[in-house]
Amino acid sequence: MARPSVKEYLANNPKEVLVLDGGQGTELENRGIKVANPVWSTIPFISDSFWTANDSSSNDRQIVKEMYQDFLKAGARVLMTVTYQASFKSVSENTSITTLEEYDALLSRIVSFSRSCIGDDKWLVGCIGPWGAHNCSEFTGDYGNEPEKIDYLQYFKPQLDNFNSNDDLDLIGFETIPNIHELRAILSWDTTILPKPFYIGLSVHEHGVLRDGTTMHQVAELIKSLGDKINPNFVLLGINCVSYNHSPEILRSLHEEIPELPLIAYPNSGEVYDTVKKVWNPKGDHTLTWDQVVKSYIDSGARIIGGCCRTSPKDIAAINAAVQKYRPN
Ligand SMILES: [Zn+2]
């Protein structure tokens, strides 16, 4: 393999900070792909023409390729598959792909295609959205009256089985996790369920608590309570798609609670989505720069830094410049 395991790389290079790509879903939307549907940004891959066409005859194929090229040019060394809303439940209930076999083939094709776009020397993350992605509750954390009774493993298993067995993927990313019961479930899975390095990105309110109200102290208590029983493949904890302006203090609070844990941070762009008008409103007045945000993340133990929704290759270039400036010598 042309690249070392990301877990070993981070452990053996304690001063290294890796740059992740930006928000693929919103970036594909900016480039003309209509993503408003239940499988969101995975939609271009559902169409047969994506796979039968060659690059010049499929516009979507070209768009996805160019997006990866632009993130690479901006300095990303870790890139993600566009599979946030591609759970078996979401895909089988909303597209023509209904069997596990077809679903497995779809994911394998997406992963191979993504790998071919980024080359062998970059790390590829198999992106998995939270349970709440299938009913749009990842920013409320409202998982109904009995969130502890949800069978999270059953929900994630088809996607996990594919990603675990795919050597083109280096890391599994559970993103935008808003609920403590879901976090507890993922952290309870041992190496038979999660044999590949993985990270967890939390969906955190701007006031610094998980969307369901759990404090970062309680998150830390949960992790500490697992002690040696914690899955050794749990490589990083962090935050994603959180408020840009509040993200430095949120990450700092996580770092203060669990100083030894490597962190990952990729906030959204700072624009605010109006769910009624379905538009993104510009950044507010007192916006921090990426230079300030990245410096603070690195001071708080971040080892992977990138952007989430509405961040573009331009943002990734600014992140990369700040990482080169502030990473420890
Ligand atoms: Zn996002």
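Note: Cβ is positioned from N, Cα and C throughout, glycine not excepted.
According to TrEMBL, the domain 'Hcy-binding' annotation covers 6-323.
CYS241 (Zn(2+) binding site) falls within neither a helix nor a strand when secondary structure is assigned with DSSP, and so counts as coil. The Zn(2+) binding site feature in TrEMBL is assigned to CYS241, CYS308, CYS309.
Annotation for the binding-site residues CYS241, CYS308, CYS309: lowest Cβ count within 10 Å of the residue's own Cβ, CYS309. Cβ atoms within 8 Å of the centroid of the Cβ atoms of CYS241, CYS308, CYS309 (the Zn(2+) site) belong to the same-chain residues GLY23, THR26, THR176, ASN240, VAL242, TYR266, PRO267, ASN268, SER269, GLY307, ARG310, THR311, site residues excluded. Per-residue pLDDT, averaged along the domain 'Hcy-binding' (6-323), amounts to 95 for this model.
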